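These features come from TrEMBL:
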- 184-208: transmembrane segment (TRANSMEM)
- 203-636: domain 'Citrate transporter-like' (DOMAIN)
- 215-231: transmembrane segment (TRANSMEM)
- 251-271: transmembrane segment (TRANSMEM)
- 283-301: transmembrane segment (TRANSMEM)
- 366-392: transmembrane segment (TRANSMEM)
- 483-505: transmembrane segment (TRANSMEM)
- 511-528: transmembrane segment (TRANSMEM)
- 540-562: transmembrane segment (TRANSMEM)
- 582-600: transmembrane segment (TRANSMEM)
- 673-696: transmembrane segment (TRANSMEM)
Amino acid sequence: MTVHEPSFVGVEESWDPCSLDMERRYRLGSEVASLSRSNSSEKSDTLDNLNFSFRLTRSLFFSMYPDRDNPWRMLAVSPTDSFSMNVTDFRDNALLKLQVAGPFAGGLLDLDTQEYILVQVEQTEQPGQRRRRAQLNNFYSARTDQMQLTKTFEMLSSDPIAITIQAFLQDNEVVPLSMTHQSLYVTMETQVAIAGVILAGVYVLIIFEIVHRTLAAMLGSLAALAALAIIGDRPSLVTVVEWIDYETLALLFGMMVLVAIFSETGFFDYCAVKAYQLSRGRVWPMIIILCLIAAILSAFLDNVTTMMLFTPVTIRLCEVLNLDPRHVLIAEVIFTNIGGAATAVGDPPNVIIVSNQGLRREGLDFASFTGFMFLGMCLILLTSFPFLRLLYWNKKLYNKESIEIVELKHEILVWRQTAQRINPASREETAVKCLLMQKVLNLENLLRKMMKTFQRQISQEDKNWEQNIQELQKKHRITDRVLLVKCASVLGVVIFMFFLNSFLPSIHLDLGWIAILGALWLLVLADVQDFEIILHRVEWATLLFFAGLFVLMEALAQLQLIDYIGEQTALLIKAVPEDQRLAVAIILVLWVSALASSLIDNIPFTATMIPVLINLSQDSDVNLPVKPLIFALAMGACLGGNGTLIGASANVVCAGIAEQHGYGFSFMEFFKLGFPMMVMTCMIATCYLLATHIGLGWNV
């Protein structure tokens, strides 16, 4: 989608469209991705009152403004018939948001050789004075699907506005269009500032664990919707629901059900013992093996799917070895994000890039993109393992307590969570909850006695690992082989369909549908009688968190935050001298993409930056090749997910599963390891891009 930046050009009555120099803007919807986990903490009464007052204030702001009522108007234009209308209900210092939908094609407009549609907005300040005009135009193509273009015009007075639509075509054909307009009462700079404050507020809630991350995303969504209501662009409930990416939620739900049934077979315990045997009792070889396998799988599977399969295995393995699972899980999810960037199907930003028709016309296809990214990610992986070992140099991976005490603490936590999840709606449920709480008290008393007699010792790597293997194999084995065969068959078909979906466009099943159908198929084969047990294993808080995140990201996009980042990046590139412009552009795009993707969803950011970079490369005054910029965007968007816990969807899913098992990690725990890894990997990616594009002249 191509959208031009709002600007008002003061001209005389005679106006030449070719002389306008207008900045381009772009916007696209949002999708997934990625978020964080916060441990529950005690809040004071004062803080609770402040939170309540804050939420109440936002609710009042949201309820004071009605939903926007801007119905679409159907019209038709041709080379001989144009369309015009006057807008009179306009207030001082307002913005006019204009949306036009029709058979448009993206790209840089050549007014001399190509067919196009011209939308002109004109305002006369006073009778007899000069008029102000601005335009929104794009290619016309009868062979493309419907595309919606959006542009916001700044009006400097309350005088009437004239909107004119003209068709400049070679043939005398009629073009059907639809159009709607709306008045906004806040300037673009103010909208961006409001969006920045809201995003910063959400991060404060998550970083300092003031509320749970799910509640933080929901509060941020409400604040963003309230801001849209204040500026006059409050969306309806139907529109807000459409912002949620149900394909991602369906993928998460289906895989959660599959993993929940799979865990009943004892397969994860068996894999943990095999990994321990393969590493011969040594911790770091085992961690490297797990990270390497996770990176390889995520290059071909979705990152979320990889972590949903690996997290239970890792947790069980760490429990067997008396390791702290948090550090191992963080390392795995970091390498999952790195591996996902290696291919065109491993990460959603890469999928968006290779699916773009404009980039395909520039010669960027699946094979060339995967070849270049795969080579770069291999280099990054080779340097990441030593750096990971350096980051973990002073960290105690082993628990500082005996395995008996660690298991007892974990058992207490599990029993307490089980008791808290029981809703005492009947006498029997109340009695069961009381029995569970009594069991928790008895275990806590036993724990206190064990702690009094325990001499704290730090565990060392097992010397008699062969003897331990024999004991572990007797204790942790496959418990239900029939169910294991059913689960392995269904999961194998699901993963195979994931591959086919990536390479065969003729299969009209999205990832969400494949996961849901696989879950239903396994539920039937496994003959699950108590369905509520499976539903209790689903991470509902994580699903709600993603839903709130989708609404938040789309609302921030409506507040022009993502467009503003893209515009400022383009302006900085244009300001650089021509002999240094390509090198500076590569560095700027890579690091801006990495930092932005660690804070906001990388999917709408990638979709917004692609047309920015395409038009920037086609600008004769800039004279930059598009491929180096796109590779810098892909590496930055994928590697930036390691910067924060909410930077990638896989991070959030891993944190949610770990929390369900009693090993949740906070935003800061992930940040201390993930952000240095992001900086190091982006530095290696910068060197790789500069060496290949500037030094060797690839893709230039």
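Cβ atoms here come from the backbone N, Cα and C positions, even for glycine.
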- Note on the structure: Same-chain residues at least 6 beyond the ends of the transmembrane segment (511-528) with a Cβ under 8 Å from one of its Cβ atoms are 246-255, 257-258, 261, 302, 483, 486-487, 490-491, 493-494, 497-498, 501, 534
- Note on the structure: Counting only residues at least 6 beyond its ends, the same-chain positions whose CB falls under 8 A of a CB in the transmembrane segment (483-505) are 258, 261-262, 264-267, 300-302, 305, 345, 511, 514-515, 518, 521-522, 525-526
- Count the CB pairs under 8 A between the transmembrane segment (582-600) and each of 184-208, 251-271, 366-392, 540-562, 673-696, then give me the winner. 673-696
- Item | Long-range Cβ neighbours of the transmembrane segment (673-696) (under 8 Å; 6 or more residues past either end) | 327, 330-331, 334, 338, 372, 376, 379-380, 383-384, 387-388, 391, 582-583, 586-587, 590-591, 594, 598, 625, 628, 631-632, 635-636, 639-640, 642-645, 647, 651
- What is the pLDDT of the domain 'Citrate transporter-like' (203-636) when averaged and given as a whole number? 84
